[in-house]
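Novice: Dropping a structure here in structure tokens format, bear with me for questions.
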Amino acid sequence: MAGAEGDDSLYPIAVLIDELRNEDVQLRLNSIKKLSTIALALEVERTRTELLPFLTDTIYDEDEVLLALAEQLGSFTVLVGGPEFVHCLLPPLESLATVEETVVRDKAVESLRKISQEHSPVDLEVHFVPLVKRLASGDWFTSRTSACGLFSVCYPHVSIMTHTFESTLITAVMHFRTLCSDDTPMVRRAASSKLGEFAKVLELDYVKSDIIPLFTALASDEQDSVRLLAVESGVSIATLLPQEDLEDLVMPTLRQAAEDKSWRVRYMVADKFSELQKAVGPEITKNDLVPAFQNLLKDCEAEVRTAAANKVKVFCESLPEDSRETIIMTHILPCVKELVSDTNQHVKSALASVIMGLSTILGKDNTVEHLLPLFLVQLKDEYPEVRLNIISNLDCVNEVIGIRQLSQSLLPAIVELAEDAKWRVRLAIIEYMPLLAGQLGVEFFDEKLNSLCMAWLIDHVYAIREAATCNLMKLVEKFGAEWAQNTIVPKVLGMANDSNYLHRMTTLFCINALSEVCGQEITTKHMLPVVLKMSTDQVANVRFNVARCLQKIGPVLDSSALQAEVKPVLEKLATDQDMDVKYFALDAISVLSLCTSCVAEMGHCGQLFSDVPACLSRIMQRQLC
């Protein structure tokens, strides 16, 4: 019996071995994902003595299997017996940290960083620190790359009370220095990206004496991929230094990076500019960063200008209050004026997304005199995204100069675009109208833009009429059904008498859209009579759209209106001479009759059925019929 129990206890590991050796990658992957279950079956001691050695010895699988294994091991602490035995997880993770595939190494390093927090200071010194040293001095660049991400998480937790603490820390700095000058660019790149993180866990003296020289060397590396990562680390280092040391220790290197021959490095400087500005403080910002930012806004590469343009508002907001307006007007605004007419659409779009925010910084007079002309230029830009970014931020300007001033300056440009000869331009403005209406408010909208929205309903391009219909529905959602009843619905229903049958059909399309947001009372009292009247229209296209409209609004109506008013009209249309009219009328009768059977049984189903199969399916599920 005991032998049978022993055999049973071996079964999970035997299954794992079989599945890991299977030719099917998916089966091996599934086996790895079930490691925690297998470990629970084996219990902690056998997991440590059998499962982990087996995993360490068999790390040669497909990348996706190794990735799953690296992730699983990061959560294995409890399964090996808790923090006391967490060091047992180091061997397999160390092997995974040396494989060729980058994502596997990164995941192994992530898991190592995670379990480092669960080591005691003594275990860190005995088990984890030697692992980092082995990786840092490995023959293959893969292990040395992985080591770069582990220095910052292990050395801060080594017990400061031990006599080896100082020597351990010195050794760590020495190893990291070696990695920063490694022959392989990939290793220097990893070291450059982790330099700032490592600096944060060191004492200030070590930062000044050891980290700053490494930063300077990496920022001058022959590989631009190393230099650009040094920029981010430089920003982190700048936050650690006292103000009096920044100018001498960090700023010369960062100024050099802002003028680097590689656009990728300059792009990184532009992308991290607001963090750098916060780190160095107001004085250095005025003396060094303002000229650097000007140069980035004027950079010859569009990518750099785009990154810098994105930072215009944040940079200006963070300038010292006593000199903010002067700096903006003298140094930043001239660059912004050039970017408004930039040849690259991404630059203009980035600027358009932030330029409106300058109005709250500069105040009413400067906005009216200097910014509004720029807004007008961007409102007429050929690229829709530029126009959208301006319109979507109009509320910033509205707060500063007021709605009246805004209407006098910007609204004419919006109206001009709304009546543009190119229908795609008109379409773009329609799409922005609900956003604009929400910012300007209902009173201003009714006064200035309502007639424009109604005019789009009779545009000669179908896409415009369709978009205008959707626009009305969104406006009603913003302003409410009461506003629709007083302002929109009468004008829409008035189009039912238009001599152009296309405009009469637009009335039906609008009713389709508005019935949902206006509700039962408005639909029954105001819209339904017009639809029923249009059932006798001379144009067949109008009549079959009446049938479709009745089908659409039917679920919104009450049962008495369906039976007394809608059904007779549909039955008459079902005998129409035109085949399309007859087809859509019969289809509407089918759907609405099903809905009526629900109404008779339940009072009102409250559902909106688009076709007969869906309706039948819903009824069968509810066992109503």
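Each Cβ is built from the backbone N, Cα and C atoms, and glycine gets one as well.
Unlike curated records, TrEMBL annotations are generated automatically.
Pulled from TrEMBL, these are the listed features:
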- 89-127: repeat 'HEAT' (REPEAT)
- 172-210: repeat 'HEAT' (REPEAT)
- 211-249: repeat 'HEAT' (REPEAT)
- 250-288: repeat 'HEAT' (REPEAT)
- 289-326: repeat 'HEAT' (REPEAT)
- 332-370: repeat 'HEAT' (REPEAT)
- 371-409: repeat 'HEAT' (REPEAT)
- 410-448: repeat 'HEAT' (REPEAT)
- 488-526: repeat 'HEAT' (REPEAT)
- 527-565: repeat 'HEAT' (REPEAT)
Novice: Give residue numbers and ranges for long-range contacts of the repeat 'HEAT' (371-409): same chain, 6 or more residues beyond its ends, CB-CB under 8 A.
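Specialist: Those are 336-337, 340-341, 345, 348-349, 351-353, 355-360, 362-364, 416-417, 428-429, 432, 435-436, 439-441, 444, 448, in sequence order.
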Novice: Average pLDDT across the repeat 'HEAT' (211-249)?
Specialist: 92
Novice: Restricting to the same chain and to residues at least six past its boundaries, which positions have a Cβ under 8 Å from a Cβ of the repeat 'HEAT' (211-249)?
Specialist: 176-177, 180-181, 185, 188-189, 191-200, 202, 204, 256-257, 260, 262, 264-265, 267-269, 272, 275-276, 278-281, 283-284
Novice: Could you tell me what the rest of the chain brings near the repeat 'HEAT' (289-326), counting residues at least six beyond its ends with Cβ under 8 Å?
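Specialist: Tertiary neighbours of the repeat 'HEAT' (289-326) are 255, 258-259, 263, 266-267, 269-271, 273-274, 276-278, 280, 282, 332, 335-336, 338-339, 342-344, 346-347, 350-351, 353-355, 357-358, 361-363, 366.
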